[in-house]
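Undergrad: Handing you this structure, nothing more for now.
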Amino acid sequence: MTAKMYFEKDASLKPLEGKTVAVIGYGSQGRAHALNLHDSGVDVVVGLRENGGSWNRAKQDGLVVMTPAEAAAKGDLIAILVPDMQQPDVFESAIGPNAKEGSSILFAHGFNIHFDMITVPETMDVIMVAPKGPGDLVRRQYEEGKGVPSIMAVHQDASGEAQDRALAYAHGIGGTRGGVITTTFGEETETDLFGEQAVLCGGMTELVVKGFETLVEAGYQPEVAYFECLHELKLIVDLLFEGGLSKMNHYVSETAQYGDFTRGPRVVDDSTKARMKEVLEDVQSGRFAKEWADEYRSGLKEFRRMEREDNEHLIEKVGANLRAQMSWIEPDDADESSAA
Ligand code: NAD
Ligand code: MG
Ligand code: MG
Ligand code: MG
Ligand code: MG
């Protein structure tokens, strides 16, 4: 193993003692971080737009809620957990003008720092703690005494304590239970974007949908195609998660293994890998970041069109009907688990 890892025994909450953590935003990550830190005994305030959707939720969860500007003024450590594309505005309007001398700003993803979309004054620490999992899991695992592994980074160390503060924060949200690895803003940003584009969200859903379409176009029943290409994916992913390729190989049939070894590389081959490299280059050059920021600024028209196209696909209609028969699949599971 080459990466240095920090576990519970290597960390403490001392660097946050007597300090206030301001969590700005109360979505997937914000809610999980705020509640976990609060339960760990850290003094937390939540910064939200007055009477926005999250305002009541945070109140009901028993937290102290105020506007982003008020929270930023109170925080010794300010965690900016609003959507990436909102962060430059929130920083400029609420955080920059109100942050205390010597406070730290913490990100859960390096996008805006790495692509120079936010410039933080030299007097502030710029740190990151990025859990490698969706927010609802960060919360659930903490409650169960477990923790989602996280990566942390220091971009700017004004206080001389930046790394200690980041590790204490990771400890407070439960990250050190799963292990915390140090990284850089560049490495986190580029690997995170590549991962969600090529493998986790982008690559995986295309594989599922193209497999489904192939079976349906060949005349097989859509319900059977759904079970085969989407439903069963969870079983396979669980095996991979628990024990890698070898555990999956151990549990699937020899026939499935032989099919995997001989046919898998025909579907995902070196030409796929060459295109993955192009996707990575788009990330590294900043081309993706610019395209996404432009799309966001121009009102998300293409984004909404593509979202509609996904949501209206046959696999969605078939899936909704089949899942309705399986009472143990909670229909609103996805509401809070925008991962990656
Ligand atoms: P989210 O979309 O789930 O939540 C956003 C929150 O910010 C909501 O409470 C919303 O009300 C609030 N908000 C939105 N605009 C605001 C504004 N202008 N002013 C004040 N509040 C505003 O966000 P998220 O997915 O948790 O993402 C937060 C950060 O965490 C991002 O940097 C993201 O890349 C990172 N991250 C997310 C995940 C994940 O599981 N979703 C995983 C790792 C890292
Ligand atoms: Mg897709
Ligand atoms: Mg089978
Ligand atoms: Mg294989
Ligand atoms: Mg991401």
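Positions of Cβ are set from backbone N, Cα and C atoms, glycine also.
Here TrEMBL flags Tyr26, Gly27, Ser28, Gln29, Arg49, Ser54, Gly135 as NADP(+) binding site. Marked as active site by TrEMBL: His109. What TrEMBL records for 184-329 is domain 'KARI C-terminal knotted'. The Mg(2+) 2 binding site annotation in TrEMBL covers Asp192, Glu228, Glu232. For Asp192, Glu196, the entry in TrEMBL reads Mg(2+) 1 binding site. Residues or ranges marked as substrate binding site in TrEMBL: Ser253.
Context for these features, please: burial, neighbours, distances.
TA: Long-range Cβ proximity for Ser54 (NADP(+) binding site), meaning a same-chain Cβ under 8 A and a gap of 6 or more residues, is found for Gly25, Tyr26, Gly27, Gly30, Arg31, Leu48.
DSSP classifies His109 (active site) as coil under the three-state reduction. Sequence-distant neighbours of His109 (active site): residues of the same chain at least 6 apart with a C-beta under 8 Å from its C-beta are Asp84, Met128, Ala130, Glu188, Thr189, Asp192.
The average pLDDT the prediction assigns to the domain 'KARI C-terminal knotted' (184-329) is 97.
Under the three-state DSSP scheme, Asp192 (Mg(2+) 2 binding site) falls in the helix class.
A sphere of 10 angstroms centred on the C-beta of Glu196 (Mg(2+) 1 binding site) encloses 15 other C-beta atoms.
The Cβ neighbour count for Ser253 (substrate binding site), using a 10 Å radius over every protein chain in view, is 8.
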Undergrad: If I take the alpha carbons of Gly135 (NADP(+) binding site) and Glu232 (Mg(2+) 2 binding site), what is the distance between them in whole Å?
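TA: Gly135 (NADP(+) binding site) and Glu232 (Mg(2+) 2 binding site) have their Cα atoms 24 Å apart.
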Undergrad: By DSSP, how many residues in the domain 'KARI C-terminal knotted' (184-329) are helix, how many strand, and how many coil?
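TA: Split into helix, strand and coil, the domain 'KARI C-terminal knotted' (184-329) gives 124 helix, 0 strand, 22 coil.
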Undergrad: Out of these binding-site residues, Asp192, Glu228, Glu232, which one has the fewest other C-beta atoms within 10 Å of its own C-beta?
TA: Glu232
Undergrad: If we count other C-beta atoms within 10 Å, could you say which of the binding-site residues Gly27, Gly135 has the fewest?
TA: Gly27
Undergrad: Check the binding-site residues Gly27, Glu196, Glu232, Ser253 for any whose Cβ is under 6 angstroms from an atom of ligand 1, and report them in sequence order.
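TA: Only Gly27 qualify.
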Undergrad: Of all the binding-site residues here, Ser28, Gln29, which one's CB has the most other CB atoms within 10 A?
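TA: The largest 10 Å Cβ neighbour count belongs to Gln29.
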Undergrad: I need the nearest neighbour of Glu228 (Mg(2+) 2 binding site) among the binding-site residues Ser28, Gln29, Arg49, Glu196, Ser253, using C-alpha distances.
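TA: Nearest candidate: Ser253.
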